[in-house]
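A.B. asks: One structure is given below, represented as structure tokens, and several questions about it will come after.
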Amino acid sequence: MRGMPLNSMKLFRITDVMRRKVRHIHFVGIGGIGMSGIAEVLLNLGYTVSGSDLRTSDTTEHLSSLGATVFQGHKASNLTDVDVVVTSTAVRKDNPEVLEAHRRSVPVIPRAEMLAELLKMKVSIAVSGSHGKTTTTSMIATVMASGGLDPTMVIGGKLGSIGSNARMGHGEFIVAEADESDGSFLKLSPSLAVITNIDREHLDFYRGIEDIKDAFLQFANIVPFYGSAVLCLDDPHIKTILSDIKRKTITYGMEPAADYRAQELRFNGAVTEYELYYRTECLGSVTLSVPGMFNVYNSLATVAVARELDMTFPDIQQGLKSYVGVGRRLEVKGKIAGVTVVDDYGHHPTEISATLAAARQVWKNRMIVVFQPHRYTRTQALFREFLGAFTEADLLIVTDIYPASEDPIEGVTAEALCDGIRSLTRREVRYIPNFSDITDYLMTVVQPGDTVITQGAGSVNSVGVSLLSRLKEVEDSRAA
């Protein structure tokens, strides 16, 4: 960071107290994308790691291969001689492992508290925001790695270049995603804090937008006096808190007043180009290998961070060009019989609109979207916003709400959402609750040139896997 004697800070600063007191760390819900990344870094640091999840997955198998003990299912007996138990927001308070930990007086801490300990290791960059955290974190990590900084990274998605959502680097930096969903990101104390945007999200925890804005304001002010907050000046809610931030601020966006700006934007399929300005100085051209206006914003945040770390602009250019995306963010899963299958994690109306606009930039023919709403509380709170989020879809299929440990709310259903969307569009909207029935239906309607997007944070991506498998069977039978 500019002005900081980084060469003198090349020490692992994870506290000596933690190393003396804690050897065995247990994760309840270890297969979750946020939990597994922390677990992987701790394994690389030499800690004994165990954990449990309701089902095994590629993620749990990967952790097992690194030395973790992973249990399928949650049982009190899964807790052996553990020193601390880490939980995610999806874990209920009556979870048997949590109850057993309390019975034994073993500390039970949220994921963010353990992440905070990891951030003490090195000079830390934490990326927050209602949308775009994972992509921006992975883009920053890619650029830093490309420039030879060899960062430690903890990301909320699988980065294709490393095949994982975490990596233990040998450099002096750590870059991590900061999840604001339950307010626990305020336990972090990064040297650089990024806020991509502020929106009405996680309304099961926050009382409203003012409450959300206050949390992000606290996050910006949590950085040390020598640190900085990197913020998107185009975001209207960020503008309202800017004057209350007491730390150095670096802004980006299209606004003329932003420190870093993108001008002369050019979109060509999956490739985006623009001229980058720092205040009045044109630094040069930027080429992105990923589509969408949201990725322009993500890249501007990345540039701001990289320049604070004294990276050269040619290194930044090369790193941005080499970035090809992160798992479950407009991820192409395959193309068979002329049908392209894409998966995207976006589950908030703002994210969905941006994702489908970016998809339209790349795929010009018929777009079929299979959407699985995520959480009853979100569907209820943002019902009206969801109604207008699918304007780019030529055919929309909505399946049942993914509960994510929530109990149903009376009247909040996928059928009601379908009815609302139908009232605003002439395009076809179908409610199909069963995944296998969705695949069967798709097999009757897909044509060469179609793009099928599975949209949502739950399990809807399995529909894409099934569709590709069925298409492959048909293709093979025709070739026989």
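Cβ from N, Cα, C; glycine included.
Per Swiss-Prot, ATP binding site is recorded for GLY129, SER130, HIS131, GLY132, LYS133, THR134, THR135, and the stated evidence type is sequence analysis.
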A.B. asks: Of all the binding-site residues given, SER130, THR135, which has the fewest Cβ neighbours within 10 Å once its own Cβ is left out?
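C.D. replies: Per-residue Cβ counts within 10 Å for the binding-site residues SER130, THR135 bottom out at SER130.
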A.B. asks: According to DSSP, does HIS131 (ATP binding site) fall in a helix, a strand, or coil?
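C.D. replies: HIS131 (ATP binding site) sits in coil per DSSP, no helix or strand.
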A.B. asks: Using all protein chains in view, find how many other C-beta atoms are within 10 Å of the C-beta of THR134 (ATP binding site).
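C.D. replies: Step by step: centre on the Cβ of THR134 (ATP binding site), count other Cβ atoms within 10 Å, giving 25.
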A.B. asks: Given the binding-site residues HIS131, LYS133, which one has the fewest other C-beta atoms within 10 angstroms of its C-beta?
C.D. replies: HIS131
A.B. asks: Cβ within 8 angstroms of the Cβ centroid of GLY129, SER130, HIS131, GLY132, LYS133, THR134, THR135: which residues besides those meet this for the ATP site?
C.D. replies: VAL127, THR136, THR196, ASN197, ASN298, GLU351
A.B. asks: Take the Cβ of GLY129 (ATP binding site) and count every other Cβ within 10 Å, whichever protein chain it belongs to.
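C.D. replies: Its Cβ has 27 other Cβ atoms within 10 Å.
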A.B. asks: In sequence order, which residues at least six apart in the same chain have a CB under 8 Å from the CB of GLY132 (ATP binding site)?
C.D. replies: THR196, ASN197, PHE294, TYR297, ASN298
